[in-house]
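Below is one structure, written out as structure tokens; comments come after it.
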């Protein structure tokens, strides 16, 4: 709870700093505020505090995901450097809106009451609609914002409808009470569950509700896309699991069939479409759809290991995504494009960047010795425990397709010649973030036990 | 049939009829007008449920403010029948099938519901201002306050998107 | 049986009186304007020119009821009715005297706000349906003006609601037994009254009409009794805002016993109506952007501050 307050206050302070034109203080203040918020979360570890009639419950699950969200945001902020200043002079507002979005994310991972879930999702989504459209003169950015807004608000409507039906069936918004009264009005309850399932899968971008993802990720400014594909997605999955893992466990049959179809569709569409992309940003957008498919497996087969599997996968995926998007921002800034050809010869001109990208992509692809391998490993572990071997077969096959298109970038970097041989200059903070991400990725790839048993 | 019941059926009929007209009306302004009519019938339904506060707020906020903004925007855009994009027949067909399935599911769900055990009947005065205030500021205090973050974010964003760049 | 009859009598009586007041105000306004501007005003027909009311009404009734061929017929006809209906409905909750009130809703004040927010449709739809650029400009201005001023119109009343602890107008009037709320809520009163002028789009806030720039604004294309409806709607609006102000801030029917309650209410309301006319006689019309800036940048913060201070003081005084 105190972390939400700290984040919101930091956002307002940053807004005022922007008003008084203290540009240089924006980043340090934001990062300090976020560190404070993370520290306040660490302090309540294992305490399981609930706030205001069980509106929010900060159990270890919520704290772990909140810290992950905050850490990812700090990394993205450190990457931002003067990225936002190139878009417009209103930099403070960007930090503010991202901070607000983060507070919505923290609400989403810690909710215990459907009303908080709704508000958290709305705070996060509304902030993201705005951030997607901040390049006001760029029509791709405008299109992204409008598309995201229209589809997102439609999904929110469906979410509300689902909440209303479930309230009608159980007479409560509280997850525990809902779980207890699930069988009182079964059909009404099922209809509500299906509506909420649709809304949640939309918010995390799962097929067949994925159509907004590629356009929005490509149209939005790259750093915003990285925020969307990490913080928004992680918060979405954490909320998804929290909702379905506690409130709807008593009626799995009604939604597992639907979800299995979605998982298979997502894995197929995400990976196969990504393989055909020539633009790296769009490829990462499709690959983020496919990652949503893997994470969905853990929700589909709810078990003891599910929260842990999702956490590990989110950590690996977030860190690797931040690194790969970071490299992409740097390349785009120098070459003016994020097509595959822009990466040609990066291995010779910028060995460090190329190495960072390679490790990040390997982690996304699930190559051993990177964190991503253990992410997939634990997800598949959940599936094996539930005897879904055929699903694993599809998932592994699709992971192979994933490795194919990730390696397209790696091959371009190391085996193709580039037109110019200028190397890209990076600021210290930028280098620190990239190296830090890689260290974490490799560290977790070697010693996953650091986070496997914390939940 | 009691007066309340017949009022309910009348309002429900008008609500459904006018919301169908919202979709089918060719002129966007007429669509908005039918939508306003729909809001009025919904207000009527709220009042039948003794939820006077929600009913009147529905008029103040939706019919009185948001719909005016709708009209405002439509007038500024100068939308009319000719400039309306038409959907292809395939899209219409798919839409009808999907919507129809949704209708069947919802009808089935509502039909099986036992109407004697609803929340509203248990607490008749739940919708009055006083009781609503008690619930809002005691049980649901946190969501009520957290919503301010949402509004602040939306406001900052609206100003950000609407302001002219000096650069 | 007699109770029902009494009830119907009150309704019909209020309706009759209101419509007559609206017509009577045509004469009052023109005579008073003339007085304040050092002119004679209408003085030919009947004593003091009183029969001008009859003449004006007859003229409106017998004028050609014209619908422009380029207009949207249905909306064009609906628009003038909306304002009269919404204003007349608002009168349902006004306590003219202890026994004279159509219905005492426990959400009375909100009902008034809801109805007054519907009045804007009259302007917007009338302006749009006329299919005339001046009308449309008037309509757009009207929409933004009324939506903006509606915001703090509602907020400025919340101080009164806090003091009386109720949305019911009868309770609010009875809560003013000791002192009128204008003493406790001076800021709220001023802001509500300004917002009320803007809501009735009277001078100086008659931007939607602005005859010097927009012909006659949103009702340029209207004639005959449809124009008459806008006209009556405006006077009814003045009466409504005056009587709501009296009920909320000036003790309603309360007053020394030598006059009946209804007379007190009428006298106070008449005072505010005259003030409306005086404003028209004395103030120039601001520019459109000035109006909006004044609303959002001055009145809204003031209203919020008023709300904060009122709430703080009430909380402080009610401390156990």
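Yeah, the Cβs are placed from backbone N, Cα and C, and that goes for glycine too.
Nobody curates TrEMBL annotations by hand; they come from automatic prediction.
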- Of A:187-211, A:212-236, which span is tagged transmembrane segment by TrEMBL? A:187-211
- Message: What residues elsewhere in the chain lie close to the transmembrane segment (A:352-371), defined as a C-beta under 8 angstroms and at least 6 residues from its ends?
- Response: 287, 291, 312, 315-317, 319-321, 323-324, 326-327, 330-331, 343, 346, 399, 402-403, 406-407, 409-410, 413-414, 424, 426, 431, 434-435, 437-438, 440-446, 448
- Item | Sequence-remote partners of the transmembrane segment (A:377-407) [C-beta within less than 8 Å, at least six residues beyond its ends] | 260, 263-264, 267-268, 270-272, 274-275, 277, 283, 287, 290, 293-295, 297-298, 301, 303, 305-306, 308-309, 312-313, 361-362, 364-367, 452
- Query: Do any residues of this chain, six or more beyond the ends of the transmembrane segment (A:61-79), have a C-beta under 8 angstroms from a C-beta of it, and if so which?
  - Reply: 3, 7, 27, 30-31, 34-35, 37-38, 41-42, 44-45, 95, 98-99, 102, 105-106, 109-110, 223, 226-227, 230-231, 234-235, 238, 242, 307, 311, 314-315, 318-319, 322, 325-326, 329, 429-430, 432-433, 436-437, 454-455
- Query: Restricting to the same chain and to residues at least six past its boundaries, which positions have a Cβ under 8 Å from a Cβ of the transmembrane segment (A:117-134)?
  - Reply: 87-88, 94, 97-98, 100-101, 103-108, 111, 141-142, 144-146, 148-149, 152, 156, 159-160, 163, 203, 216, 219-221, 224, 227-228, 232, 235-236, 239, 243
